[in-house]
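Per Swiss-Prot, the features are as follows:
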- Cys2, Cys5, Cys7: Ni(2+) 1 binding site (BINDING)
- Cys168, His169, Cys200: Ni(2+) 2 binding site (BINDING)
- Cys168, His169, Cys200: Zn(2+) binding site (BINDING)
- 18-32: compositional bias 'Basic and acidic residues' (COMPBIAS)
- 33-52: compositional bias 'Basic residues' (COMPBIAS)
- 18-61: region 'Disordered' (REGION)
- 108-269: region 'G-domain' (REGION)
Amino acid sequence: MCTVCGCSDGKASIEHAHDHHHDHGHDHDHGHDGHHHHHHGHDQDHHHHHDHAHGDAGLLDCGANPAGQKIAGMSSDRIIQVERDILGKNDRLAADNRARFRADEVLAFNLVSSPGAGKTSLLVRAVSELKDSFAIGVIEGDQQTSNDAERIRATGVPAIQVNTGKGCHLDAAMVGEAYDRLPWLNGGLLFIENVGNLVCPAAFDLGEACKIVVFSTTEGEDKPLKYPDMFAASSLMLINKIDLASVLDFDLARTIEYARRVNPKIEVLTLSARTGEGFAAFYAWIRKRMAATTPAAMTAAE
């Protein structure tokens, strides 16, 4: 996981707003403590031939230890400590973001998926159809280019592009700075489109109300079992490209069953960013969440 491997080096590039700016009066600390790239070289040539007569001879499980991962030269205890330090700092910044969103009565969603699942196409349709009902802003995360933010802006909705460079996910500091560059979204919606990656974004709280995992019918039914942390961390699974399900012989019931093995409480909606099928149900879900996050509703829930 990138909490210890150092893929995020604090050198994200965040666009300046396009004719929009609002001053939140907050200072942000954007560095990641202890993020370094490690290159583990071996001076010896190893020529080992192992004959295993074990039932699991075909499986090398590097996650079968207290740290949940294996890194050359680091003990499980050290991995756990480094991860705690990095995530602890991020969690403090995420709490700051969450407080700001609450003060602005902004409902923030963190959209996560593997590359090519259709997050951006989904967002383009959604913001186009919701922009007359809500103030909307979008934060786009990619390693390079502003292509996705430009697609959002073409709808008339403001978007800030965050290029993470070598980083494989957004973090709370990046989101806080990008939010500063959006127009004021008082009482509106903030969509955060994370970098396409079903691993690292699961660990990083951005201050969002919830994570929405976008999954497409082209990915196969077992993705929730292969990447359980992301599905466990998400409140809603949007199954995109449902218009292709019959062509692909996609088993919807099996996919939902796999997702609920990992997260029994996950909600599931099917839709097609291409045809618009299922978007009415998605908008109803958003409006229900909006109603639940009004100041009166939040006070009653405490």
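Every residue gets a Cβ built from N, Cα and C, even glycine.
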Let me know how many other Cβ atoms fall within 10 Å of the Cβ of Cys168 (Ni(2+) 2 binding site). 20
Provide the three-state secondary structure of Cys200 (Ni(2+) 2 binding site) computed with DSSP. helix
Using a 10 Å cut-off, grab the number of neighbouring Cβ atoms around the Cβ of Cys200 (Ni(2+) 2 binding site), all chains included. 23
Cys168 (Ni(2+) 2 binding site) in three-state DSSP notation: coil
Could you pull the average pLDDT for the region 'G-domain' (108-269)? 95
What is the Cβ neighbour count of His169 (Ni(2+) 2 binding site) at a 10 Å cut-off, with all protein chains included? 24
